[in-house]
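As written in Swiss-Prot, here are the features:
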type	residues	note
BINDING	Ser115, Leu116, Leu117, Pro118	(6S)-5,6,7,8-tetrahydrofolate binding site
Amino acid sequence: MTKTKIIFMGTPQFAATVLKGLIDSNQYEILAVVTQPDRKVGRKQELRMTPVKELALTVNLPVLQPEKLSGSVEMTQIMTLLESGEVGIVTAAFGQFLPGKLLDVARFAVNTHASLLPKYRGGAPIHYAIMNGEKEAGVTIMEMIRKMDAGDMIAQNSTPILEEDNVGTMFEKLAFVGRDLLLETLPKYLEGQLKAQAQNEDEVTFSPNISPEEEKIDWNKSAREIFNKVRGMNPFPVAHTLWNGERFKIYESKVADEIVNNSDNPLQAGQIVEKTKKSLKVATGNGILELLTVQPAGKPKMDIVSFLNGLGQKMQVGDKLGD
(Lines of atoms letter the chains of each structure in order from A and count residues from 1; the text may use other names and numbers.)
(Lines give C-alpha, C1' and ligand atoms only; values in the text may rest on other atoms or scores of the structure.)
Protein backbone atom coordinates (compact mmCIF):
# COMPACT_ATOMS: atom_id res chain seq x y z
CA MET A 1 0.00 0.00 0.00
CA THR A 2 1.31 3.44 -0.93
CA LYS A 3 1.49 5.67 2.11
CA THR A 4 -0.04 9.15 1.98
CA LYS A 5 2.70 11.77 2.27
CA ILE A 6 2.04 14.51 4.81
CA ILE A 7 3.61 17.32 6.76
CA PHE A 8 2.25 17.46 10.30
CA MET A 9 1.90 20.73 12.20
CA GLY A 10 1.01 20.87 15.88
CA THR A 11 2.28 21.84 19.31
CA PRO A 12 0.66 20.69 22.61
CA GLN A 13 -0.16 17.22 23.95
CA PHE A 14 -3.48 17.33 22.07
CA ALA A 15 -1.50 17.47 18.82
CA ALA A 16 1.02 14.86 19.99
CA THR A 17 -1.83 12.39 20.56
CA VAL A 18 -3.06 13.00 17.00
CA LEU A 19 0.47 12.64 15.61
CA LYS A 20 1.00 9.38 17.52
CA GLY A 21 -2.17 8.02 15.91
CA LEU A 22 -0.91 8.92 12.43
CA ILE A 23 2.45 7.26 13.13
CA ASP A 24 0.93 4.10 14.60
CA SER A 25 -1.58 3.73 11.76
CA ASN A 26 1.32 3.09 9.37
CA GLN A 27 -0.70 4.70 6.56
CA TYR A 28 1.23 7.96 6.38
CA GLU A 29 4.74 8.94 5.40
CA ILE A 30 5.46 11.97 7.57
CA LEU A 31 8.05 14.06 5.74
CA ALA A 32 8.39 16.70 8.45
CA VAL A 33 6.90 17.82 11.74
CA VAL A 34 6.43 21.56 12.27
CA THR A 35 5.95 22.83 15.82
CA GLN A 36 6.48 25.94 17.94
CA PRO A 37 10.00 26.82 19.18
CA ASP A 38 11.21 25.55 22.56
CA ARG A 39 10.06 27.93 25.32
CA LYS A 40 11.33 28.84 28.77
CA VAL A 41 8.86 27.73 31.42
CA GLY A 42 8.44 27.80 35.20
CA ARG A 43 10.26 29.71 37.88
CA LYS A 44 13.62 28.38 36.76
CA GLN A 45 12.90 29.39 33.15
CA GLU A 46 14.07 26.04 31.82
CA LEU A 47 13.92 25.55 28.06
CA ARG A 48 11.22 23.00 27.23
CA MET A 49 10.39 21.22 23.98
CA THR A 50 6.80 20.97 22.80
CA PRO A 51 5.11 17.56 23.29
CA VAL A 52 4.97 17.22 19.49
CA LYS A 53 8.73 17.75 19.18
CA GLU A 54 9.43 15.25 21.97
CA LEU A 55 7.38 12.60 20.17
CA ALA A 56 8.84 13.38 16.73
CA LEU A 57 12.41 13.02 18.00
CA THR A 58 11.68 9.60 19.55
CA VAL A 59 10.78 8.27 16.08
CA ASN A 60 13.45 10.24 14.21
CA LEU A 61 11.11 12.53 12.29
CA PRO A 62 12.61 15.81 10.99
CA VAL A 63 11.46 18.75 13.13
CA LEU A 64 11.07 22.37 12.01
CA GLN A 65 10.44 25.13 14.58
CA PRO A 66 9.81 28.51 12.97
CA GLU A 67 9.13 31.45 15.29
CA LYS A 68 6.80 32.60 12.50
CA LEU A 69 6.20 30.69 9.27
CA SER A 70 5.97 33.63 6.86
CA GLY A 71 9.35 34.56 5.42
CA SER A 72 11.22 31.92 7.43
CA VAL A 73 13.88 29.44 6.30
CA GLU A 74 11.52 26.70 7.45
CA MET A 75 8.80 28.06 5.16
CA THR A 76 11.15 27.60 2.19
CA GLN A 77 11.89 24.03 3.31
CA ILE A 78 8.17 23.24 3.62
CA MET A 79 7.43 24.74 0.20
CA THR A 80 10.14 22.52 -1.31
CA LEU A 81 8.53 19.43 0.24
CA LEU A 82 5.10 20.44 -1.06
CA GLU A 83 6.16 21.30 -4.60
CA SER A 84 5.55 17.79 -5.97
CA GLY A 85 1.82 18.26 -5.44
CA GLU A 86 1.68 14.85 -3.74
CA VAL A 87 2.10 16.03 -0.15
CA GLY A 88 -0.72 17.09 2.18
CA ILE A 89 -0.78 19.10 5.40
CA VAL A 90 -2.41 17.88 8.62
CA THR A 91 -2.61 20.30 11.56
CA ALA A 92 -3.77 20.04 15.17
CA ALA A 93 -3.42 22.97 17.59
CA PHE A 94 -0.38 24.31 15.77
CA GLY A 95 -0.70 27.83 17.15
CA GLN A 96 0.20 29.74 13.99
CA PHE A 97 -1.76 30.91 10.96
CA LEU A 98 -0.71 29.09 7.79
CA PRO A 99 0.32 31.33 4.87
CA GLY A 100 -1.98 30.98 1.87
CA LYS A 101 0.76 29.85 -0.48
CA LEU A 102 1.20 26.68 1.59
CA LEU A 103 -2.47 25.89 1.13
CA ASP A 104 -2.17 26.61 -2.60
CA VAL A 105 0.53 24.00 -3.25
CA ALA A 106 -0.45 21.28 -0.76
CA ARG A 107 -2.30 18.24 -2.13
CA PHE A 108 -4.77 18.77 0.72
CA ALA A 109 -4.80 20.67 4.01
CA VAL A 110 -6.96 19.51 6.92
CA ASN A 111 -7.15 20.70 10.51
CA THR A 112 -8.20 18.83 13.66
CA HIS A 113 -10.05 21.59 15.53
CA ALA A 114 -11.24 21.08 19.11
CA SER A 115 -14.76 22.45 18.79
CA LEU A 116 -18.10 21.68 17.22
CA LEU A 117 -17.76 24.23 14.43
CA PRO A 118 -19.09 26.73 13.57
CA LYS A 119 -19.03 27.37 17.32
CA TYR A 120 -15.71 28.42 18.87
CA ARG A 121 -13.45 29.28 16.00
CA GLY A 122 -10.06 30.39 17.30
CA GLY A 123 -7.25 29.38 19.61
CA ALA A 124 -9.06 28.55 22.88
CA PRO A 125 -12.20 26.55 22.01
CA ILE A 126 -12.05 24.16 24.96
CA HIS A 127 -11.55 27.00 27.46
CA TYR A 128 -14.58 28.89 26.19
CA ALA A 129 -16.82 25.82 25.94
CA ILE A 130 -16.26 25.14 29.64
CA MET A 131 -16.39 28.79 30.72
CA ASN A 132 -19.71 29.20 28.91
CA GLY A 133 -21.17 26.19 30.70
CA GLU A 134 -21.57 24.02 27.59
CA LYS A 135 -22.72 20.46 28.22
CA GLU A 136 -20.68 19.00 25.37
CA ALA A 137 -17.57 19.70 23.34
CA GLY A 138 -16.12 18.02 20.31
CA VAL A 139 -13.72 17.91 17.41
CA THR A 140 -14.19 18.93 13.79
CA ILE A 141 -12.01 17.65 10.95
CA MET A 142 -12.07 20.49 8.44
CA GLU A 143 -10.55 21.78 5.24
CA MET A 144 -8.17 24.69 5.70
CA ILE A 145 -8.69 27.97 3.87
CA ARG A 146 -7.21 31.45 4.23
CA LYS A 147 -9.76 32.40 6.91
CA MET A 148 -9.22 30.97 10.40
CA ASP A 149 -11.25 27.83 11.15
CA ALA A 150 -13.75 28.77 8.44
CA GLY A 151 -13.20 25.88 6.01
CA ASP A 152 -15.74 23.23 5.08
CA MET A 153 -16.32 20.47 7.65
CA ILE A 154 -15.39 16.88 6.82
CA ALA A 155 -16.51 15.19 10.06
CA GLN A 156 -17.48 15.91 13.67
CA ASN A 157 -17.73 14.00 16.91
CA SER A 158 -18.74 15.13 20.38
CA THR A 159 -18.22 14.13 23.99
CA PRO A 160 -19.95 15.34 27.20
CA ILE A 161 -18.43 17.99 29.46
CA LEU A 162 -18.99 16.69 32.99
CA GLU A 163 -19.29 18.88 36.08
CA GLU A 164 -15.88 17.65 37.29
CA ASP A 165 -14.13 18.31 33.96
CA ASN A 166 -11.64 21.11 33.41
CA VAL A 167 -9.50 22.25 30.49
CA GLY A 168 -6.90 19.59 31.26
CA THR A 169 -9.32 16.66 31.33
CA MET A 170 -11.20 17.87 28.24
CA PHE A 171 -7.97 18.40 26.29
CA GLU A 172 -7.09 14.79 27.02
CA LYS A 173 -10.54 13.42 26.10
CA LEU A 174 -10.78 15.46 22.91
CA ALA A 175 -7.27 14.52 21.81
CA PHE A 176 -8.40 10.89 21.56
CA VAL A 177 -11.69 11.89 19.94
CA GLY A 178 -9.74 13.93 17.37
CA ARG A 179 -7.18 11.20 16.77
CA ASP A 180 -9.81 8.54 16.13
CA LEU A 181 -11.97 10.82 13.99
CA LEU A 182 -9.03 11.88 11.80
CA LEU A 183 -7.81 8.30 11.31
CA GLU A 184 -11.33 7.15 10.43
CA THR A 185 -12.25 9.96 8.05
CA LEU A 186 -9.07 11.16 6.33
CA PRO A 187 -8.66 8.06 4.10
CA LYS A 188 -12.35 8.24 3.10
CA TYR A 189 -12.04 11.96 2.40
CA LEU A 190 -8.96 11.48 0.23
CA GLU A 191 -10.73 8.71 -1.70
CA GLY A 192 -13.69 11.00 -2.38
CA GLN A 193 -16.09 9.03 -0.18
CA LEU A 194 -16.78 12.00 2.12
CA LYS A 195 -17.93 15.40 0.95
CA ALA A 196 -17.10 18.39 3.15
CA GLN A 197 -20.01 20.57 4.27
CA ALA A 198 -19.96 24.36 4.50
CA GLN A 199 -20.26 25.97 7.93
CA ASN A 200 -23.38 27.96 8.77
CA GLU A 201 -22.02 31.51 9.06
CA ASP A 202 -25.07 32.58 11.10
CA GLU A 203 -24.02 30.24 13.92
CA VAL A 204 -20.35 31.26 14.13
CA THR A 205 -18.88 32.11 17.55
CA PHE A 206 -15.27 32.82 18.44
CA SER A 207 -12.80 31.68 21.11
CA PRO A 208 -9.76 33.95 20.90
CA ASN A 209 -6.66 33.23 22.97
CA ILE A 210 -7.23 34.04 26.64
CA SER A 211 -6.05 37.56 27.52
CA PRO A 212 -4.48 38.42 30.90
CA GLU A 213 -7.60 40.49 31.65
CA GLU A 214 -9.82 37.47 31.01
CA GLU A 215 -7.95 35.49 33.69
CA LYS A 216 -9.20 37.81 36.46
CA ILE A 217 -12.20 36.71 38.48
CA ASP A 218 -15.11 39.15 38.57
CA TRP A 219 -16.82 38.40 41.87
CA ASN A 220 -19.96 40.24 40.72
CA LYS A 221 -20.65 37.28 38.40
CA SER A 222 -22.69 34.37 39.75
CA ALA A 223 -21.14 31.47 41.66
CA ARG A 224 -21.98 29.20 38.71
CA GLU A 225 -20.24 31.51 36.21
CA ILE A 226 -17.12 31.79 38.38
CA PHE A 227 -17.08 28.02 38.94
CA ASN A 228 -17.12 27.55 35.16
CA LYS A 229 -14.40 30.15 34.71
CA VAL A 230 -12.15 28.46 37.29
CA ARG A 231 -12.43 25.02 35.68
CA GLY A 232 -12.26 26.60 32.22
CA MET A 233 -8.78 27.88 33.09
CA ASN A 234 -7.41 24.89 35.03
CA PRO A 235 -4.58 23.92 34.62
CA PHE A 236 -3.77 26.87 32.35
CA PRO A 237 -3.73 29.84 32.34
CA VAL A 238 -5.43 29.69 35.82
CA ALA A 239 -8.08 32.12 37.05
CA HIS A 240 -6.94 34.52 39.74
CA THR A 241 -8.03 37.28 42.07
CA LEU A 242 -6.26 39.56 44.56
CA TRP A 243 -5.73 38.95 48.27
CA ASN A 244 -3.90 41.64 50.24
CA GLY A 245 -2.89 43.20 46.93
CA GLU A 246 -1.19 40.02 45.67
CA ARG A 247 -2.23 37.50 43.03
CA PHE A 248 -4.23 34.60 44.44
CA LYS A 249 -4.83 31.75 41.98
CA ILE A 250 -7.87 29.50 42.21
CA TYR A 251 -7.60 26.07 40.55
CA GLU A 252 -10.69 24.32 41.89
CA SER A 253 -13.94 25.43 43.44
CA LYS A 254 -17.54 24.35 43.80
CA VAL A 255 -20.89 26.10 43.96
CA ALA A 256 -21.90 25.97 47.62
CA ASP A 257 -25.15 27.89 47.24
CA GLU A 258 -26.91 29.34 44.22
CA ILE A 259 -29.52 31.31 46.18
CA VAL A 260 -29.74 34.94 45.12
CA ASN A 261 -28.49 37.42 47.73
CA ASN A 262 -31.58 39.10 49.19
CA SER A 263 -32.07 42.55 50.66
CA ASP A 264 -32.47 41.15 54.20
CA ASN A 265 -28.97 39.69 54.05
CA PRO A 266 -26.90 41.57 51.45
CA LEU A 267 -23.46 40.11 50.85
CA GLN A 268 -20.62 41.97 49.22
CA ALA A 269 -19.26 40.19 46.14
CA GLY A 270 -15.79 38.80 46.86
CA GLN A 271 -16.32 38.82 50.62
CA ILE A 272 -15.26 35.85 52.76
CA VAL A 273 -18.52 34.71 54.33
CA GLU A 274 -17.49 31.47 56.01
CA LYS A 275 -14.19 30.08 57.22
CA THR A 276 -13.65 26.82 59.12
CA LYS A 277 -10.60 24.61 59.54
CA LYS A 278 -11.59 22.76 56.38
CA SER A 279 -13.51 25.18 54.17
CA LEU A 280 -13.53 28.70 52.79
CA LYS A 281 -16.57 30.29 51.17
CA VAL A 282 -16.83 33.51 49.19
CA ALA A 283 -19.88 35.60 48.25
CA THR A 284 -20.48 36.30 44.58
CA GLY A 285 -22.99 38.41 42.68
CA ASN A 286 -25.37 35.47 42.97
CA GLY A 287 -24.64 32.60 45.32
CA ILE A 288 -21.69 31.32 47.34
CA LEU A 289 -18.49 29.77 45.96
CA GLU A 290 -16.40 27.34 48.00
CA LEU A 291 -12.67 27.36 47.22
CA LEU A 292 -11.01 23.92 47.02
CA THR A 293 -7.50 24.34 45.55
CA VAL A 294 -5.57 27.62 45.59
CA GLN A 295 -2.13 29.12 45.13
CA PRO A 296 -1.10 32.22 47.08
CA ALA A 297 1.61 34.45 45.59
CA GLY A 298 5.07 32.90 45.88
CA LYS A 299 3.71 29.57 47.17
CA PRO A 300 2.99 26.20 45.52
CA LYS A 301 -0.51 25.07 44.63
CA MET A 302 -2.27 23.57 47.67
CA ASP A 303 -5.60 22.20 48.82
CA ILE A 304 -7.72 24.53 50.92
CA VAL A 305 -7.03 22.71 54.21
CA SER A 306 -3.27 23.20 53.77
CA PHE A 307 -3.85 26.86 52.96
CA LEU A 308 -6.10 27.40 55.99
CA ASN A 309 -3.57 25.71 58.28
CA GLY A 310 -0.81 28.01 57.02
CA LEU A 311 -0.98 31.38 55.32
CA GLY A 312 -4.76 31.27 55.32
CA GLN A 313 -4.83 31.78 59.08
CA LYS A 314 -4.49 35.48 58.27
CA MET A 315 -7.68 35.43 56.19
CA GLN A 316 -10.78 36.41 58.13
CA VAL A 317 -14.53 36.40 57.56
CA GLY A 318 -15.38 39.82 56.14
CA ASP A 319 -12.10 40.12 54.20
CA LYS A 320 -12.57 40.87 50.53
CA LEU A 321 -10.96 39.22 47.53
CA GLY A 322 -10.41 41.15 44.31
CA ASP A 323 -9.72 44.76 43.42
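Glycine is no exception: its Cβ is also placed from the backbone N, Cα and C atoms.
Applying an 8 A CB threshold to same-chain residues 6+ apart, the list for Pro118 ((6S)-5,6,7,8-tetrahydrofolate binding site) reads Gln199, Asn200, Glu201, Glu203, Val204, Thr205.
When the neighbouring Cβ atoms lying within 10 Å are counted for each of the binding-site residues (Leu116, Leu117), the highest count belongs to Leu117.
Sequence-distant neighbours of Ser115 ((6S)-5,6,7,8-tetrahydrofolate binding site) (same chain, 6+ residues apart, CB-CB distance under 8 A): Arg121, Pro125, Ile126, Ala129, Ala137, Gly138, Val139, Thr140, Asp149, Ser207. Same-chain residues with CB within 8 A of the center of the Ser115, Leu116, Leu117, Pro118 CB atoms, the (6S)-5,6,7,8-tetrahydrofolate site residues themselves not counted, are His113, Lys119, Tyr120, Arg121, Pro125, Gly138, Thr140, Asp149, Met153, Gln156, Gln199.
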